[in-house]
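J.: For reference, the structure I am asking about is given below.
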Amino acid sequence: MYRQLSTLSVSSLLKTYSLPIDDKHINSKFIPKYRLSLIDHETPVEKLRLSSLSSVNIYIKRDDQLDSYSCGNKLRKLEFLFADILSRPECHHIITAGSLHSNHCKAVSVLAARFQRQAHVLLRTDRDNEDENILQGNVLLNYLLGTKLYLIPKKANIQRDIEPRMKQLEEELGGKDKCYLIPIGGSDIVGIFGYFDCFIREIIPLIDKLNLGHLVVPVSSGGTMEGLSLANYFTGNRLRIHAFAVSDNQNYFKTHFNTILSQLELENLIQLVDNDSLVDICDSYVGLGYGRMTNEQIDFLHNIISETGILFDPVYSGKCLWGLCEELRNKHTDRFPNDGKSILFLHTGGLLGLMNPDYNKQWLLSSNNHPNNHIRNWMTL
């Protein structure tokens, strides 16, 4: 839930931040000075009842209910990133990037408009500005929020293409003093404190209450996984964290995590990432790639939504849940031993991803769930 600027000033929203645990683990120079008060409630946790896995205790933490704009987990990271932005009065431009219908870019656009900053987002796509269908979904929301949109090739590489273009735009807009660059997904050494803090305040109290042994989360840009894993490690490593990749592979995410650790001067933990002790990264269920579903995943997503009444997006939570269910049905895996421990699944939101018009053809791929099987033509009265 967002609080209106008309009733609360920026200064009252910026709160001095301190780690909710002993800060001896992380050098104080890396701990954010401020947190922006955007979230005014803990997200609920409920039992996830699946008929095909009735013998397994699965709970779901509903971070899809963080706000009315369906920004989901992006909001936790942006509490710290925007606090850093608003602490710099001269900073007017915010530059970030993502896929065409990126929820992260939409979340940045929402907050930039709310706090009177100008957002600039680089969107990866095969379309161009002449496409009459370009203004749909999150792209339309970005446009309505006054964001400057820059269409870049869908295959643009982050290091080789996107980051240099963000730097170029920064120079064109007046340099570092006037601009703030947010990486894809907000996954940097500031953004990771969103889920570092969430783990300590909201997840640790659930461990004994729900007999938790496992925490499952989708991973794409890495920041959510990294914040949770570090907080878990520094508080006793009581949970086994499983990150299900929705794009890229295990090596990519290990490299990103190790880079974050180096930037935080925590090189002593790099070996724990490399040998899977800090987090279990599973890349077996990426399927066709980011934002693309197989027929099996399409059928699963349709069935799971109709069975539970909970909306799961096809990019993050839906694909992650599919991977979890596949693992639990596979008796040969040792990822989830039959130890009586419950599983906590983090629903990271992204619900407007379901409204992405590019998914229309994908929903039609599966004959089992073809709309013609569910929609009756009754146009003749």
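Yeah, the Cβs are placed from backbone N, Cα and C, and that goes for glycine too.
Just so you know, TrEMBL annotations never went through curation; they're auto-generated.
Pulled from TrEMBL, these are the listed features:
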type     : residues : note
DOMAIN   : 41-349   : domain 'Tryptophan synthase beta chain-like PALP'
MOD_RES  : K74      : N6-(pyridoxal phosphate)lysine
ACT_SITE : S102     : active site, nucleophile
J.: Among all chains shown, work out which of the recorded positions K74, S102 has the most CB atoms within 10 A of its CB.
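T.: That would be K74, with the highest Cβ count within 10 Å.
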J.: Measuring Cα to Cα, how far is K74 (N6-(pyridoxal phosphate)lysine) from the residue listed as 'active site, nucleophile' in Å?
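T.: K74 (N6-(pyridoxal phosphate)lysine) and the residue listed as 'active site, nucleophile' have their Cα atoms 10 Å apart.
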